[in-house]
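Down below is the structure, laid out as structure tokens.
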Amino acid sequence: MITKLLTKVIGSRNDRTLRRLRKIVKEINNYEPTFEALSDEQLKAKTVEFRQRLEQGETLDQLLPEAFATVREASKRVYGMRHFDVQLIGGMVLNAGQIAEMRTGEGKTLTATLPAYLNALAGKGVHIVTVNDYLAKRDAETNRPLFEFLGMTVGINVPNMPHPAKKEAYQADILYGTNNEFGFDYLRDNMAFRNEDRVQRERFFAVVDEVDSILIDEARTPLIISGPAEDSSELYTRINALIPLLQKQDKEDSEEYRGDGHYTVDEKSKQVHLTETGQEFVEELMVKNGLMEEGDTLYSPTNISLLHHVNAALRAHVLFEKNVDYIVNEDGEVVIVDEHTGRTMPGRRWSEGLHQAVEAKEGVKIQNENQTLASITFQNYFRLYEKLSGMTGTADTEAFEFQSIYGLETVVIPTNKPMIRNDMPDVVYRTEAEKFAAIIEDIKARVEKGQPVLVGTVSIEKSELLSNALKKAKIKHNVLNAKFHEKEAEIVAEAGKPGSVTIATNMAGRGTDIVLGGSWQAKVESMANPTQEQIDEIKAEWKLVHDQVLESGGLHIIGTERHESRRIDNQLRGRSGRQGDAGSSRFYLSMEDSLLRIFTSDRMAALIQSGMEEGEAIESKMLSRSIEKAQRKVEGRNFDIRKQLLEYDDVANDQRKVVYELRDELMSVDDISDMIEHNRVDVLQGVIDEYIPPQSLEDMWDLEGLQERLKNDFDIDAPVKQWLEEDDKLYEEALREKVINTAVEVYKAKEEVVGAQVLRNFEKSVMLQTLDTLWKEHLAAMDHLRQGIHLRGYAQKNPKQEYKRESFELFEGLLETLKSDVVMILSKVRVQQQEEVERMEAQRRAQAEEAARRAQAQHASAQSQLADDSDEGHHQPVVRDERKVGRNEPCPCGSGKKYKQCHGQIN
């Protein structure tokens, strides 16, 4: 009560922020007459002046009013567009490292030019992050004339760019690119072997467009760079054939109830579990099909991988639906459909073998599983920036998450013109068929009066169902979903025309405004060299149509189902009523919708259905509250999942930082011989301790074992026994010293043969590649630890604490193994001449660079993450060109040794 009273008197935090920023807006506006009087050359010279003032000690905040006034004036001259005051406020919010919630159509692209220009003056580069390549290219090309007028360079960062072009793009003052590509470049840079192979510079300032999509919807999905693992495609096919034999059980087994089904489904958490009966039945099938020995169990250590395959196949059949969660394209590939946007995501693959299981289910070619080489979550990548900001039309519902995870405050920016869209209450029907019939009637009525309609659906399947119903009703319409997204811009351009009907999956088309009356720019662009007279004529025609649409009520939004997140619903509504235009929206629901079916209480459902007749709809405040409560519940659960992922990933992130800092150190110095020398002493002391325990009696020493170990692992001939026989006064410490000195002399002899510089390069190469190999294995070990750690809860242990403790032990082991492996490899490399070492070093580098080139940059799918809450992924294969040499096979070089004891040490 007191809080509400105080808010009324002094305003909310948002109101106070806006009041403070409006004072700076006045200051910017005061510069306008002065800047209007400047010539183009004088205006352009402002950039040089600002940079000089920064060097002299002024701050970016002190330059802000003049810099924003400069951009506004340049925009008037280049585009004939003047930034509104609310856009200046949005620009200041972004510059302060906050999130600006700006409604659709309020000009976010133009707003971003203000903080981008100001922060680019610092010379450290500004990254403007978008959700897809199309928007990155569009926004970069749209704003390029403005930035170049002011003397700034603009770059574009998209996949598959040649290395020199990408490196040059990162040197630009302002760089547009996708969230995936920025993250992958960071990972690739940390797999490079030379500084000149890196592309990124420091991460200074990022403006994230559609920040809710990138930092929240995709926060559970790690970016992964992966290479090929072993082939197990035949096993997927064989297990896939068994799954249709399993029967679903409606209720979980308990003390009172034991069903005869084989699996149960938990729709809320998107999980499927084998029952006890199911486990026994699957084991019988496995034995029959020769996949398991008689009397064996799925849960024995030797069969863990079989259990993994069964679970993946079961989830593929039960939880993942064609044309909802994925499509099969013309090339016979399973392509994931993004649950948030309805777009296809080529190149992304589900984790934990799920993608291969879906491929087996669909009978298409099964790609190999891949092994993670490097990974990072968006949460941890974007927290690397010195200053981070974002903009979106819908952030306020997630303000708490932005604040608690990223430390970003959300500021709601007022619209330039008052919002007059009419958001009508939800209507609820008993069945989906009744709901669709009502939607068709509503569309018919709107089309008759010339009002454009946008219908939002939750999946491709639903959009096609509705499309078929509209065809039967002879209503002309366009469908915008993952299957047709190459026509997206064209369909969106038509969506605002009188009487046009557009069905869009989720928020496909996001980032492109629906202009009432259609897009006159699209018509101009379709003409070859139009004259000014023709352009004016097109504009005049468009104005008439635009006014006609406004009179009919503006764009009408129909939602066919409530989403799990209120934010996605708000995004759909936000397509209408842009810049003070007329518009309306309504959601049509049925008791068969997944949100209502899963989250509405049985009592509420029975109460609603008992009093309803066929075709009858209800509008009820109680029901609306119940739906909102269900959405809040789901949002809370999803927030907890993301928070938990971050807590686990933070452990890996600390280790990632240590490994990447070590890599940076290795790459920035030419000579690591001191480090190698220090490691050699450490490793040899440890080996000697095993055979000559410190401060022990001579009778306890295993001198023969020590001699053999030194010879086998380090190629050192140290006749320790003979030394003792020759000098019985040789005490333990002196003996240790003698062994280490022998190792040093042997290594120095190698150095004299090949030359110091060549050996220095070889040491660095061995160290980097050994570190990369061990880090890759460590990631796999961390992944396995993460998957089973929740079971510690049954032993009354805290899974997170256990994960931290065990991952720390694993990491300590990695650092120790790194030392010993590098010392062993360098000790055992036998070289006769300089050319041999140079050839081997070149061979190692070529292999590593080839592996890096062929490694796949992947983004594990959000749907899989929700389903299994795992942390890593398996992805598209990289096909090996020749047969892999087994570790115990003879080495192909002809030395007569086993591969693992010869070139296997190098590779």
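Cβ atoms here come from the backbone N, Cα and C positions, even for glycine.
Under the heading ATP binding site, Swiss-Prot lists Gln87, Gly105, Glu106, Gly107, Lys108, Thr109, Asp513, citing sequence analysis as support. Annotation source Swiss-Prot lists compositional bias 'Basic and acidic residues' at 841-853, 872-887. What Swiss-Prot records for 841-907 is region 'Disordered'. Residues or ranges marked as compositional bias 'Low complexity' in Swiss-Prot: 854-865. As annotated by Swiss-Prot, Zn(2+) binding site applies to Cys891, Cys893, Cys902, His903.
Location within the structure of each feature annotated in Swiss-Prot.
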{"residue": "Gln87", "record": "ATP binding site", "Cβ within 10 Å": "27"}
{"residue": "Gly105", "record": "ATP binding site", "Cβ within 10 Å": "21"}
{"residue": "Glu106", "record": "ATP binding site", "Cβ within 10 Å": "24"}
{"residue": "Gly107", "record": "ATP binding site", "Cβ within 10 Å": "19"}
{"residue": "Lys108", "record": "ATP binding site", "Cβ within 10 Å": "23"}
{"residue": "Thr109", "record": "ATP binding site", "Cβ within 10 Å": "17"}
{"residue": "Asp513", "record": "ATP binding site", "Cβ within 10 Å": "19"}
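Under the three-state DSSP scheme, Gly107 (ATP binding site) falls in the coil class.
The ATP site, placed at the center of the C-beta atoms of Gln87, Gly105, Glu106, Gly107, Lys108, Thr109, Asp513, has further neighbours from the same chain whose C-beta lies within 8 angstroms: Met102, Thr104, Leu110, Thr111. The binding residues for ATP are recorded as Gln87, Gly105, Glu106, Gly107, Lys108, Thr109, Asp513; their greatest pairwise CA distance is 17 Å.
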